[in-house]
Amino acid sequence: MNQQKKQAPVELKVGQTFPLTIKRLGINGEGVGYFKKKVVFVPGALPGEEVVVQATKVQPKFSEGRIKKIRKASEHRVAPPCPVYEQCGGCQLQHLAYSQQLREKRDIVIQSLERHTKFKVENMEIKETIGMDNPWNYRNKSQFQIGRSQSGSIIAGLYGLDSHDIVPIKDCIVQHPATNKTTGIVRRILEDFNVSVYNERKRKGDVRTIVTRVGFETGEVQVVLVTAKETLPHKEEIVKAIQKRLPEVKSIIQNVNGAKTSVIFGEKTKQLAGKTVIQEVLGDVSFELSARAFFQLNPEQTVKLYDEVKKAAQLTGKEKVVDAYCGVGTIGMWVADGAKEVRGMDVIKESIDDAKKNAKKHGMANATYVTGTAEHWLPKWTKEGFRPDVVIVDPPRTGCDSTFLDTIKKVKPKRFVYVSCNPSTLAKDLQTLSKDYRVDYIQPVDMFPQTAHVEAVARLVLKSSN
C-alpha cells in the first residue's frame with residue numbers, strides 16, 4: 001500500500017528569521033506572537049506590530065526572539081527618553097505611550113484571569129488602571145551596584161539586561177532626583193578616596209552597592225553603603241565628606257554582605273552617622289524608615305492604592321478588620337479610623353515592633369499587632385470571640401499560602417480585600433476562593449510606570465449561601 005507520509009511540522013532553529021504578528025503583551029512586557037501555532041516571546045515588540053524576528057532560544061513549548069525589523073509599527077510606539085533603555089534591565093515599556101501602558105496593564109490582569117480561572121471574565125468588572133499624571137521620577141529608593149569602567153574610574157548603575165555587566169547610570173528618569181544626586185556625589189566621594197570596589201567574579205574588594213532612600217514629603221535622605229567586609233578604609237573621611245556635601249542626608253548606614261548572592265542586604269547593619277531612620281509621611285500617617293524596612297517605592301501611587309483598599313473594605317466604624325501580612329502596619333493604619341478594631345500579624349518580628357511603634361505614635365488605640373502567621377492567629381481569635389468582618393491581605397509575588405486561604409474559607413469574613421503585585425498568583429488565589437466568595441470587582445493600579453509590573457485591588461464578598 002502506498003501510504004502518504006505525514007509531513008513533519010516545521011521546526012524553528014536558533015538564528016532563523018521569520019515574520020511575526022504581535023497579538024498581545026506578556027506578563028514581563030514582551031510582545032507575544034504565534035509561529036506555526038507555537039508561542040514566541042519578543043522583548044520590545046508591541047501588540048499589533050508586524051515584525052521580522054530572529055530566534056534566540058527554541059524550547060519545545062515556546063521560543064524567544066529579537067526584533068530584526070519592524071515592518072508595521074504600532075501607533076502607540078514612542079522613542080524611549082532614557083539613553084540606556086536598550087542596555088539597562090530596569091524598565092520594559094518606555095517605548096510604549098503611557099496611556100496605552102495603562103490599557104495593556106489592565107489587559108495583563110484580564111489575560112491572567114482567562115488563563116488561571118474558570119470565571120466568565122467578560123462578565124467581570126475589571127476597572128481602568130489608575131495611573132500617574134507624571135509617570136517619571138517616582139521611585140523613592142535606588143540600589144546601584146558599584147564597579148569600575150574600562151578606564152578605571154568608579155561607576156554606579158544597574159546590571160544590564162541578562163548580564164552581570166554594570167550599565168553606568170547618571171540620571172535615572174524613574175528615580176526621584178534626590179536619589180540620583182545623592183548616588184552621584186557618594187560615587188565621586190568613593191572615587192576621591194580611591195575606595196576598593198567589590199569584584200563579583202573574584203569576590204574581592206570593599207564597597208558593593210550604594211542604596212539611597214528619600215522621604216518625598218520630608219526631604220530627608222538616607223545613604224547605605226553595602227560592603228563585603230566590616231572594615232571600610234577611610235570610613236570617617238567618607239562620612240564627613242557626605243555630611244559636608246549632602247546636608248540633606250540625615251542617616252548614614254553601613255550594611256555588611258559578604259555572601260555570594262544577588263540579594264542586596266546582609267544581616268549586619270551599623271550606624272555610621274546621623275539617625276538610624278528617616279521620616280516619611282503618607283496622607284495623615286508618618287513612618288520611620290530604617291535601612292532594611294520595607295516601604296512602597298512609589299509614595300504618590302501608594303496613597304491611591306491604599307485609598308482603593310479603604311473603598312473596597314467599605315467600613316462604617318463597626319467592623320473588625322484583620323491586616324494579614326501586615327509588614328510595618330501601613331494598610332491597617334490607613335483604614336483604622338473607619339474600623340471598630342484592627343488587628344495585624346506578620347512573621348517578621350522587627351516589622352511588628354515598627355507597626356506597634358507607629359500605631360502608638362498616632363494614638364491608634366484600636367490597632368494591635370502580633371508576631372506570627374494568619375493561619376495561627378485567625379482561628380485562635382475566632383475561638384476567643386473576635387470574628388473579623390473584613391480581612392485585608394497584601395501577599396508577596398508568590399501569592400497567598402494555601403493554608404492561609406483554607407483558613408479564610410473556615411473563618412469566612414464578610415469581605416476579603418486582596419492587594420496583589422502579581423496578576424497570575426492573584427488569579428489562581430481567586431479561583432481557590434471561588435466556591436465561597438464572588439469577585440465584586442478588580443481595580444488595577446500602576447505603581448511602576450514604564451515597567452511591566454501591575455498591582456491590583458480585588459474586592460471579594462462572601463456568597464449568601466455561606
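Backbone N, Cα and C atoms are what each Cβ position is placed from, and that goes for glycine too.
Per Swiss-Prot, S-adenosyl-L-methionine is bound by GLN296, ASP346, ASP394; the candidate from TYR306, TYR325 named for the same site is TYR325. Taking H, G and I as helix, E and B as strand and the rest as coil, DSSP gives the domain 'TRAM' (11-69) the counts 0 helix, 36 strand, 23 coil. Under 8 Å, Cβ to Cβ, and six or more positions away along its own chain, TYR325 (S-adenosyl-L-methionine binding site) finds ASP346, ALA374, VAL393, ASP394, PRO395, PRO396.
Rounded to the nearest whole angstrom, the C-alpha distance between CYS88 ([4Fe-4S] cluster binding site) and CYS421 (active site, nucleophile) is 22. You'll find the Cα of CYS172 ([4Fe-4S] cluster binding site) roughly 18 Å from the Cα of GLN296 (S-adenosyl-L-methionine binding site). The Cβ of GLN296 (S-adenosyl-L-methionine binding site) has 20 other Cβ atoms within 10 Å, all protein chains considered. For GLN296 (S-adenosyl-L-methionine binding site), the nearest neighbour among the recorded positions CYS82, CYS91, CYS421, judged by Cα separation, is CYS421. In this structure the C-alpha atoms belonging to CYS91 ([4Fe-4S] cluster binding site) and CYS421 (active site, nucleophile) are separated by 16 Å. Look at CYS91 ([4Fe-4S] cluster binding site): DSSP puts it in coil.
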